Amino acid sequence: MRLGSGSTSGRPQFISSTGNRSFSSAPLVESSDANQIVVPDRKSWKNLFAYMGPGFLVSIAYIDPGNFETDLQAGAQYKYELLWIILVASCAALIIQSLAANLGVVTGKHLAEHCRSEYPRVPNFILWILAEIAIVACDIPEVIGTAFALNMLFNIPVWIGVLLTGLSTLVLLALQQYGVRKLEFLIAFLVFTIAACFLAELHHAKPAPAEVLKGLFVPQLKGNGATGLAISLLGAMVMPHNLFLHSALVLSRRIPRSVSGIKEACRFYMIESGFALMVAFLINVSVISVSGAVCNSSNLNPEDQAKCNDLDLNKASFLLKNVLGNWSSKLFAIALLASGQSSTITGTYAGQYVMQGFLDLRLRPWLRNFLTRCLAIVPSLIVAVIGGSSGAGKLIIIASMILSFELPFALIPLLKFTSSKTKMGPHVNSKMIAALTWVIGSLIMSINLYYLASGFIKILLHSHLKLVASIFLGIFGFSGMAVYLTAIAYLVFRRNTESTSLVPLATESRQANESGDAQLECLPRPDIVSMQLPRRVGNDEL
């Protein structure tokens, strides 16, 4: 069966084989929607271009201000020693993001929708709260990065820049009505501009290739500070909200509902994600290498040495002086502004999908962004007023660590769902992929728990609190860790109960024609595309 963009049959794309005709199994995209991207039912590498988009939109989160901040500090403090974290995180991200894409392609439902149908009301509500916290934690670096950019461009105090970030994002979201593709192209161009600058500076700084390769392939963590920064790097690379985002973005394409069509979609989405994440990987490696080479240079002047000792986004433009001269701070600020604002758009999309999936509730994009941005602005404003740019920079590291600790609550459901034959059918994870992903998840959780436990014990041993206060603090802290472990164990050992195996569209059509069962025709639901491409006010031709 060939699917054309001009089809107006109104036939649903996805039909659940369980007979559940609820909202969750309604058709994803109606064929009459002009915004729908229809993949031709043919075997050709030209189909790859129809799948291009979701991976690049997701990859923006890997080169956001949070990544720049942690990369800069990693290079300044530990030179090239933490490059291996970027390599491991990028490989893990490719595998995990591919699983998220596969979940959406195969089942026709994104991760948050699966959580709502799978878990009881209370666990589902808790997972929603945790997902919202992760989105706010991701938004904090964007707020601070935008404030730093405004400070470098217009000498606006950081705390005032924090307040202005809400307005700037709403303006950017309003511009989406005039073509999100053009807007994303502009943002990507600006981000790749700063990438080109760092690559040029990388050529000028000339880091020792042997040391860079050793940093990439020889794992090492020297000191508790390195462990904390490694967790921040991991949190800034593999973000929980990206799993919800990617599993939903792939639903903007209408693919041939056949075994070969689904396999092709999964393969092309992996290729597209791999290319996008490779670009993000090279950018992150370049930032760390430039920071490590410049800040550990023997002929560094005292002023730049002081900046390296307390390096944050607001002081990092000096790294590009050798390439850009006096324009270094301005161009760095423009790219930082673009990075922060583009990441905010993806965060808004993720928030929309999370709220719709967990609660079956939608808000207008501007209102959704306003609520998220307010929650991110409050801590950022407090820290910026009290601690200045240095305190704001430390808040980015803390937000990245929060994301790392939150990751299991999105990652474990994803691994469970994609390893379930009742959900994925013949497209279930292979034993090798399942084992590899569980090893990755276990390592991430083990590193988090080790850092949390060792840091808390160190606080108890070296604090000057009275014995009674230390005991109560210890009870409270270890109880919190026990709750954290219990929640993870619940997600790991709970058996899946819902089946979401899908029938190919061609099979569904034949069954409908033979039986005359009109109930197989599900009512349409508002599609995923409508969250990404808001129509202009008064535009009725669609």
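Cβ coordinates come from backbone N, Cα and C, glycine included.
Just so you know, TrEMBL annotations are computer predictions that nobody has curated.
What TrEMBL records for this protein:
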type	residues	note
COMPBIAS	1-25	compositional bias 'Polar residues'
REGION	1-26	region 'Disordered'
TRANSMEM	45-63	transmembrane segment
TRANSMEM	83-105	transmembrane segment
TRANSMEM	125-150	transmembrane segment
TRANSMEM	156-175	transmembrane segment
TRANSMEM	187-205	transmembrane segment
TRANSMEM	225-252	transmembrane segment
TRANSMEM	273-294	transmembrane segment
TRANSMEM	331-350	transmembrane segment
TRANSMEM	370-389	transmembrane segment
TRANSMEM	395-415	transmembrane segment
TRANSMEM	436-461	transmembrane segment
TRANSMEM	467-493	transmembrane segment
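Within the same chain, residues 135-136, 139-140, 142-144, 147-148, 151, 158-159, 162-163, 165-166, 169-170, 312, 314-315, 344, 347-348, 351, 363, 395 sit at least 6 positions outside the transmembrane segment (370-389) and bring their C-beta atoms closer than 8 Å to a C-beta of that stretch. Counting same-chain residues at least six beyond the ends of the transmembrane segment (467-493), those with a Cβ under 8 angstroms from any Cβ of the stretch are 123, 126, 405, 408-409, 412-413, 416, 445, 449, 452-453, 456, 460. Using a Cβ-Cβ cut-off under 8 Å and counting only residues 6 or more beyond its ends in the same chain, the transmembrane segment (225-252) has close neighbours at 28-29, 36-37, 53-55, 57-58, 61-62, 64, 66-67, 69-71, 73-74, 77-78, 81-82, 85-86, 89-90, 92-93, 96-97, 100-101, 103-105, 108, 110-112, 130-131, 134-135, 138, 141, 265, 269, 273, 284, 346-347, 349-351, 353-354, 357, 397, 400-407, 409-411, 414, 444, 447-448, 450-451, 454-455, 527-529, 532. Contact check: the transmembrane segment (436-461) against the transmembrane segment (331-350) gives fewer than three Cβ pairs closer than 8 Å, residues 6 or more apart, which falls short of the contact criterion. Against the transmembrane segment (395-415), stretch 125-150 has more CB pairs under 8 A than any other of 83-105, 125-150, 273-294, 331-350.
For the transmembrane segment (83-105), the partner stretch with the most Cβ pairs below 8 Å, chosen from 125-150, 273-294, 331-350, is 273-294.
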